[in-house]
Amino acid sequence: MKQYLDLMRHVYENGVDKEDRTGTGTRSVFGYQMRLDLKAGFPLVTTKKVHLRSIIHELIWFLRGETNIRYLKENGVSIWDEWADEAGNLGPVYGSQWRSWPTPDGRHIDQIEQVIHSLKTNPDSRRIIVSAWNVAEISHMALPPCHAFFQFYVAPADPRKGNNKPQLSCQLYQRSADIFLGVPFNIASYALLTMMVAQVCDMEAADFIHTFGDAHLYRNHFEQVELQLSREPRPLPMMTLNPSVTDIFAFKYEDFELTDYHPHPHIKAPVAV
Ligand code: FFO
């Protein structure tokens with residue numbers, strides 16, 4: 001995926017050196033956008049091996065509305081361990097906001113359900129949005145959302161262009177992005193989500209647009225970054241979803257099949273907490 005390496009190179013060569021909350025130090029750029037064509041292959045980074053298992057389980061966990069790491073631990077996923085309390089809780093993070101955003105009058109809004117409903121009944125809407133950025137609850141979260149706000153967009157089917165179904169795109173605003181460790185996860189996660197939403201709405205996944213606020217490379221990832229920038233991207237793999245799933249909340253780990261993934265070897269790096 002050339003777009004990812006371009007982002008990494010851009011920040012490495014043009015970013016400003018800046019301190020950060022974790023005390024690690026970063027090189028950072030403010031404002032950047034990538035557009036990925038989901039028909040060109042599944043956007044899983046090929047210049048290092050990326051652990052898709054963790055990404056799929058994390059996404060299923062978000063969609064279950066969970067905010068305790070128990071489900072992740074049961075499935076051998078440890079990417080959220082550093083932020084959980086002794087009981088495994090993270091506070092009202094992604095899953096809670098996506099599925100049960102609390103209203104002032106004591107109800108809860110299922111934003112994912114609403115998005116699916118809007119796509120099916122009013123695909124031209126310009127309000128098909130999910131926000132994890134719940135200002136009133138941020139102080140109770142283990143970490144304020146990094147991928148904070150996303151919107152869906154539908155272009156009508158156009159058989160003359162070979163598009164026999166409506167074309168679903170998704171744009172994400174990510175306020176803070178750890179380019180080496182987090183971004184490959186974030187890209188694959190939203191690409192998957194877009195494909196899943198498209199399938200249950202009988203649409204085709206088109207573009208994923210990834211918009212960044214503070215896009216940074218941690219100083220203790222620079223060696224890994226140089227190694228990765230020296231590698232040649234390989235052809236993208238293919239992702240197939242079990243076509244019998246028609247409910248966004250019914251996807252299981254076994255419903256995802258990745259083929260033709262031939263990445264360069266994994267590159268280890270420490271995560272900033
Ligand atoms: N904190 C930091 N510093 N960077 C991030 O991207 C994020 N996240 C969330 C919340 N906290 C963050 C957690 N996401 C890895 C990948 C994604 C994470 C956290 C950690 C990681 O260590 N990946 C390794 C090992 C993979 C595995 O164990 O499966 C790797 O990819 O090599 C942003 O969403």
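These residue numbers are counts, starting from 1, taken along the chain as shown.
Using N, Cα and C of the backbone, Cβ positions are placed for all residues, glycine too.
Residues or ranges marked as domain 'Thymidylate synthase/dCMP hydroxymethylase' in TrEMBL: 2-273.
In the three-state DSSP reading, Y218 (dUMP binding site) counts as strand. All protein chains shown were included, and the count of other CB atoms within 10 Å of the CB of Y218 (dUMP binding site) stands at 23. Feature annotation from TrEMBL assigns dUMP binding site to R21, R126, R127, R175, S176, A177, D178, N186, H216, L217, Y218.
The (6R)-5,10-methylene-5,6,7,8-tetrahydrofolate binding site annotation in TrEMBL covers H51, D178, A272. Within its own chain, H51 ((6R)-5,10-methylene-5,6,7,8-tetrahydrofolate binding site) has no residue 6 or more apart in sequence whose C-beta sits under 8 angstroms from its own.
Under the heading active site, nucleophile, TrEMBL lists C146. With a cut-off of 8 Å between CB atoms and residues at least 6 apart in sequence, the same chain places Q174, R175, S176, A177, D178, G182, N186 near C146 (active site, nucleophile), listed in sequence order.
For C146, the entry in TrEMBL reads active site.
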Any same-chain residues 6+ apart from H216 (dUMP binding site) with CB under 8 Å of its CB? Would you list them in sequence order, or say none? V11, G15, K18, D20, T26, R27, S28, V29, S176, A177, D178, I179
Enumerate in sequence order the recorded positions C146, S176, H216 whose Cβ-atom distance to ligand 1 is under 6 angstroms. C146
Should S176 (dUMP binding site) be counted as helix, strand, or coil on the basis of DSSP? strand
